[in-house]
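Annotated features in Swiss-Prot:
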TRANSMEM  5-25  transmembrane segment
TRANSMEM  27-47  transmembrane segment
TRANSMEM  63-83  transmembrane segment
TRANSMEM  132-152  transmembrane segment
TRANSMEM  170-190  transmembrane segment
TRANSMEM  283-303  transmembrane segment
TRANSMEM  327-347  transmembrane segment
TRANSMEM  356-376  transmembrane segment
TRANSMEM  379-399  transmembrane segment
TRANSMEM  416-436  transmembrane segment
TRANSMEM  484-504  transmembrane segment
TRANSMEM  524-544  transmembrane segment
Amino acid sequence: MAAQGFLLIASFLLILLVLAKPLGSGLARLIAAVPLPGVAGVERILWRTLGITDHEMNWRQYLLALLTLNLLGLGILFCLLFWQEWLPLNPQRLPGLSWDLALNTAVSFVTNTNWQAYSGESTLSYFSQMAGLTVQNFLSAATGIAVVFALIRAFTRQNVHTLGNAWQDLVRITLWILFPVALIIALFFIQQGVPQNLSAYQPITTLEGAKQLLPMGPVASQEAIKMLGTNGGGFFNANSSHPFENPTALTNLAQMLAIFLIPAALCFAFGEAAGDRRQGRALLWAMSFIFVVCVAVVMWAEVQGNPHLLAAGADSSVNMEGKETRFGVLASSLFAVVTTAASCGAVNAMHDSFTALGGMVPMWLMQIGEVVFGGVGSGLYGMLLFVLLAVFIAGLMIGRTPEYLGKKIDVREMKMTALAILVTPMLVLLGSALAMMTDAGRSAMLNPGPHGFSEVLYAVSSAANNNGSAFAGLSANSPFWNCLLAFCMFVGRFGVIIPVMAIAGSLVSKKVQPASQGTLATHGALFIGLLIGTVLLVGALTFIPALALGPVAEHFSLP
């Protein structure tokens, strides 16, 4: 089993790196605002048609453009969901959503979280899925990538005040990166058996003679961008464990690769844009180390078997509860770590049925800020925040003003870094405390004791860090939970983006200082270790008390 797990991890990472490197070169061209080959003429026509100028924006203008797009999308999506019954492509005649569920869902998809307090096949029409959710899957992913583009330019430019044109970046990211790659993935899914139609649900008779209604819909197109954009919201309630979303072992592998593809490619793009590929590789090494350790822990925990079944004398050599037999324990464990290391949230197994330690690792990966590869764009700018913190700590130890890529890190940058890093932990801890203190929060818990608390902690961690996965033993479709999690999702997304853009605005105007003998090398093994230690230290200090009350207590209470 250990050899199989090692081979699975190694194969996955090898294929990922082979695919990510050329995509990273394309992303680096977009960061430098250089059109991809053959599209310059098309872009000129687009700019004239859409009224987009070549005028570059400072950080406030860039941020305002992104906020305007997202708030407009939030309002439109809310209206689509609320008045769904009056809109076309609704063959099942599904009613509109309640105001609180429509708000929660709109915020969820605009913030790239894709938390779902509903069952897709029994709640949403095809029009809502296509014109509402799928559109936001593209736009929310493009927003995250645009933010990291601006931050990378802040490190590579000097003595200027502009970070690029947000509208041009959004169009280029969507048309030249997200759409073509998603199209290729969607066609592969269709070939593997994922439905792509607008047919009404199909009544069938099973082999046992029972009547059943099979849901249909444009699944493949949404599934592709759901994974590529690290969105994670499933067309069906069972998400990627549903055979219509993830029918084969090949689609399972493709989905995991799609989740990590752009986050890994952005590391390569960062190195190319910075003029030193070692900088991008250092971040990739740090992310990969944490990722591999986490996968190993989850695989080990899940192959130990279910303690309750073992105590009852049952044959439980591995913990198969909540897992699909077509994937097995190892692939399900790998998928769980991939989807929570990135801010995807798609699942091919029930995380609530993992062992206590097996479920704790995905929860902790979310709590440290989704920086182990992370979401498209958000993972890299989240890790760069930890880079600035690590550089600052190193500067304190050696008595030098901290620098990164030749840019001095001053008080303003560190204040914004601290604010951005602390936003999500505050939301998680305060939100969980509020839920446990109120009757409305506790009434949603379907399990008592440490596991019930773990379900609450997981839900708020998932929302605040824009992941979207869940321990499903929580009845979250209530006004209290819909509003609480919508608030956590919105602040967790834009409460980090705003200080990140402020950091970019401050750094871009600074001069690049030449390296000296005392300059800390940020591409070697020493700095990689310091960066990993910084991530682990912040995660440990912040969440160990909460984790001790949940999964750790549950683990020690097992038979």
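Cβ coordinates are placed from backbone N, Cα and C, and glycine is handled just like the others.
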Next on the checklist: If you count every Cβ pair below 8 Å, which range out of 63-83, 132-152, 283-303, 416-436, 484-504 shares the most with the transmembrane segment (356-376)?
Outcome noted: 283-303
Next on the checklist: Please identify the stretch among 63-83, 170-190, 327-347, 379-399, 416-436 with the greatest number of Cβ pairs below 8 Å relative to the transmembrane segment (484-504).
Outcome noted: 416-436
Next on the checklist: I need to check the long-range neighbours of the transmembrane segment (132-152): which residues 6 or more away from its ends have a CB within less than 8 Å of a CB in the stretch?
Outcome noted: 27, 30-31, 59, 62, 66, 69-70, 73, 76-77, 80-81, 109-112, 114, 124, 163-164, 166, 169-170, 173-174, 177-179, 182, 221-222, 225-226, 228-231, 233, 262, 266, 269-270, 273-274, 375-378, 380-381, 384, 497, 500-501, 503-504
Checklist entry - Which of 327-347, 379-399, 416-436 shares the most C-beta pairs under 8 angstroms with the transmembrane segment (524-544)? => result 379-399
Next on the checklist: With CB pairs under 8 Å as the measure, which of the listed stretches 27-47, 63-83, 170-190, 327-347, 416-436 comes out on top against the transmembrane segment (283-303)?
Outcome noted: 327-347
